[in-house]
Every structure is written in C-alpha cells, then in structure tokens.
Amino acid sequence: MGTNNTIERMTVTVTQEMAHTMRSAMREGGYASSSEIIREALRDWQHKRKLKQSELDALRADIAVADQDIAEDRVSSFNAETILQRGQEKLNVRSRS
C-alpha cells in the first residue's frame, strides 16, 4: 500500500456482474477478499493514469518542438496527396520485387 499504511474503510458499489466476478475470483483462491481485488484494481488504474500522463507529456513536448519549428520558420508546406502517392509507388515497387 505504499509508504502510507493508514487504512480507511469505504463502501463501494459495483454491478451484479462485477460482484459475481469478484466472488468467483475469491472462490477460486486468487484473492482472499474483495478489498484485495479493489486494491489491485486501484493500483492498475493508478499505473494506467501515470502511463497516460506520460504519453500526454510526450505529446505536449512534441507540440512544443513543432511550435518552435514554426516560430523559427523551419517548416515547409507539403501536399498530403503527393506523399501518399509516393508511398504507394514505393510499396508497388517493393511488391513487384
């Protein structure tokens, strides 16, 4: 439970399907209690949130670089159709090889 071992009792409401799944997991011996299941789910959720935040931070950094490139005129215009056409041509050449 991390560095803070203070425990707080909470009431959590779940759907019948979730309750059934939790009871099954406990019956099968995977977990000793519903609290164990909730704690694991919360740890997974926290991990997922941290990953999502890292991805957002990386995206923001990429946007900042792009904004700087625009501000310093290090960009040029492009035609998406031309890029797609060139890619298709290269793919066709590889397919024939």
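Cβ coordinates are placed from backbone N, Cα and C, and glycine is handled just like the others.
Listed in TrEMBL:
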type	residues	note
DOMAIN	9-45	domain 'Ribbon-helix-helix protein CopG'
Under the DSSP assignment, what numbers of helix, strand and coil residues are found in the domain 'Ribbon-helix-helix protein CopG' (9-45)? 24 helix, 0 strand, 13 coil
Any idea what the model's mean pLDDT is for the domain 'Ribbon-helix-helix protein CopG' (9-45)? 97
